């Protein structure tokens with residue numbers, strides 16, 4: 001009954017949401033709690049600071065600090081993680097408040113200091129979701145004092161207001177927070193693991209039905225939807241964040257492998273015993289993975305899975321390569337072992353994400369995540385019962401990974417780097433323009449710039465227009481409110497909580513312009529309480545914000561004169577090109593044609609940059625000319641290339657000299673990866689080339705299995721294994737052409753479209 005009632009409530013909400021105007025905020029329990037926290041903290045702090053303490057500096061920084069802490073900084077995770085994140089914001093914000101106050105009295109110095117300070121704050125977002133979520137709030141802590149008149153004697157008062165806001169805001173977040181959204185992603189991943197286990201178990205019992213595949217695909221789509229719905233997805237330098245991010249990609253690949261394998265082997269009850277035992281252990285491990293993600297006290301039996309993998313390898317080696325059934329045995333073993341290896345890696349990531357992995361597992365996985373040279377394989381992963389990784393856990397690997405990721409983002413191909421450069425230049429320019437134009441409140445010029453900087457440079461123009469439109473709407477509403485209520489303290493104190501509530505509820509539930517309008521109304525009320533000026537506050541802020549938006553727009557056009565589709569297109573092109581090259585190297589290594597192991601670092605770097613570009617694109621408001629489904633097909637294509645290359649790179653290079661068949665297969669692989677280079681050129685900058693639809697290579701041009709079967713007895717094992725890997729990639733080429741053509745058309749469209 002409860003499930004039926006829940007379904008009816010959901011249906012009613014959808015119907016009501018469909019009938020609401022586009023500008024009206026939709027219902028969100030999280031946004032409602034955020035608004036409640038803000039209403040309890042901001043008006044109370046402002047009233048206490050202005051009426052009891054009687055210090056305008058304390059009141060101003062308490063109000064804006066509270067709004068920054070509670071609305072602009074949306075930290076996720078457990079209460080412990082939120083406490084750590086808010087403490088970090090309070091400490092960093094304190095330093096920025098002091099720095100901004102010191103340089104604020106000298107505009108030239110403020111401009112010079114803003115460039116490095118703003119860049120460091122914005123680029124720090126590369127560290128992970130917590131840092132990325134706190135960037136805007138930290139910038140407010142700096143630009144508020146840097147763009148306001150003040151002296152060093154005001155630092156204690158301003159810090160007092162900031163810390164009052166930090167303490168009260170953190171307490172409100174800890175006391176009035178829903179369950180962290182990360183649990184939803186883990187729940188989706190657990191459901192995906194259970195669905196895949198059900199599908200495998202049904203095939204092992206010869207009871208497989210089409211509904212099993214539908215359930216697995218639905219669970220995978222739900223996981224992908226939850227993953228892409230969060231602006232700051234769990235990526236970055238944090239071990240648990242990176243593990244959860246990698247787990248999502250592995251489960252997507254696992255779903256593809258299971259569905260593809262069971263489309264060919266519907267009845268697994270008749271396969272050889274050794275492969276059936278391996279698949280049974282794989283299904284059992286998938287169940288354990290789901291249980292781990294559900295926080296059940298289950299210990300996945302990874303040693304048993306590893307033993308089954310070794311038995312499968314021994315069984316295949318025991319078969320004579322000249323036997324007629326050898327190729328069929330290799331084909332089945334490829335599917336079984338590939339699936340088992342993916343599930344093993346996914347389970348290790350699940351243990352890390354739930355803080356139950358030992359240090360050796362963490363070190364090994366981090367090295368793979370960041371494309372660092374691997375260590376010799378150990379006895380295998382172990383599971384520990386501590387809720388936290390041990391203190392002596394992989395400090396070296398963590399530091400190496402952090403340094404690697406940071407250095408790889410110092411590039412014009414990195415969205416983080418270019419956004420940080422643009423932001424630093426725009427904020428410094430805004431402070432300079434505010435001083436040169438002699439506006440009354442320079443902070444609003446900088447805030448107008450910051451309003452545009454909250455999103456990526458890819459949509460600077462659209463965001464500037466929305467910021468201006470929201471400010472105009474807020475000015476009109478605020479002026480009408482002040483004309484209706486008057487500027488008497490009683491009326492304004494009544495209006496303040498309402499304005500704060502709307503301003504806190506709007507982000508994420510209403511269009512950007514609506515949130516901007518609500519913030520404008522709140523600011524108008526606050527300033528009229530400090531220094532009554534009626535509707536003129538709104539007029540002044542409108543002028544200042546317009547200047548700030550214009551500054552950001554000009555800087556954005558100069559530094560990033562491209563649209564969102566171009567940003568994602570460049571990142572996809574780089575990922576296809578680097579991943580295709582990595583696959584080509586891995587094939588040559590596995591066939592004995594290449595003497596040195598393949599280098600995964602460029603492909604991993606391209607994948608990290610693509611994730612950043614994709615994250616920014618999905619977080620953008622406005623019309624998307626490419627569906628998430630099509631975009632994810634392209635992203636999945638790069639992941640499939642990289643993971644296939646990683647699997648081949650893990651094979652030992654054969655002892656035998658490469659024969660003509662090995663070289664022919666290597667040439668076929670080069671032709672295949674050359675097509676991915678063609679895809680990259682299709683997705684990249686047009687460079688004046690006309691649009692030509694993309695076509696996948698013809699099956700006749702890729703005679704993978706035929707080339708492999710021509711190998712000598714000493715090489716046929718590795719050639720067949722390589723051919724199986726490549727044949728796993730070929731069926732998905734057709735799916736990439738449509739989305740790639742769509743991006744290519746968008747990149748060639750006139751700027752006004």
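Backbone N, Cα and C define each Cβ position, glycine as well.
Residues or ranges marked as compositional bias 'Basic and acidic residues' in TrEMBL: 383-393.
What TrEMBL records for 430-555 is domain 'Integral membrane bound transporter'.
The feature region 'Disordered' is assigned by TrEMBL to 374-393.
A Cβ distance under 8 Å defines the sequence-distant neighbours of the transmembrane segment (58-76), meaning residues of its chain 6+ beyond its ends; these are 34, 37-38, 41-42, 45-46, 48-50, 82, 85-86, 89, 93, 97, 129-130, 133-134, 136-137, 140-141, 144, 157-162, 164-166, 168-170, 172-173, 180-182, 232, 500, 503-504, 507, 522, 526, 530. Among the features that TrEMBL reports, transmembrane segment is placed at 58-76 (among others).
What TrEMBL records for 83-102 (among others) is transmembrane segment.
Sequence-distant contacts of the transmembrane segment (131-148) (same chain, at least 6 residues past either end, Cβ-Cβ under 8 Å): 60-61, 64-65, 68-69, 72-76, 85, 88-89, 92-94, 96-97, 99-101, 103-104, 110, 113-114, 117-118, 121-122, 124-125, 154, 158, 162, 232, 236, 423, 427, 430-431, 434, 441-443, 445-447, 450, 453-454. What TrEMBL records for 131-148 (among others) is transmembrane segment.
Same-chain residues lying 6 or more positions outside the transmembrane segment (160-178) and placing a CB less than 8 Å from one of its CB atoms are 29-30, 33, 36-37, 40-41, 44-45, 49, 55, 57-66, 68-70, 75, 79, 82-83, 86-87, 89-90, 93-94, 97, 141. Look at TrEMBL and you will find 160-178 (among others) tagged as transmembrane segment.
The transmembrane segment annotation in TrEMBL covers 423-444 (among others).
Among the features that TrEMBL reports, transmembrane segment is placed at 464-483 (among others).
Annotation source TrEMBL lists transmembrane segment at 512-530 (among others).
Beyond its flanks by at least six residues, the transmembrane segment (83-102) meets 61, 65, 68-69, 73, 75, 77, 110, 113, 117, 121, 130, 133-134, 137-138, 141-146, 150-152, 154-155, 158-159, 162-163, 166-167, 169-170, 173-174 of its own chain at Cβ-Cβ distances under 8 Å.
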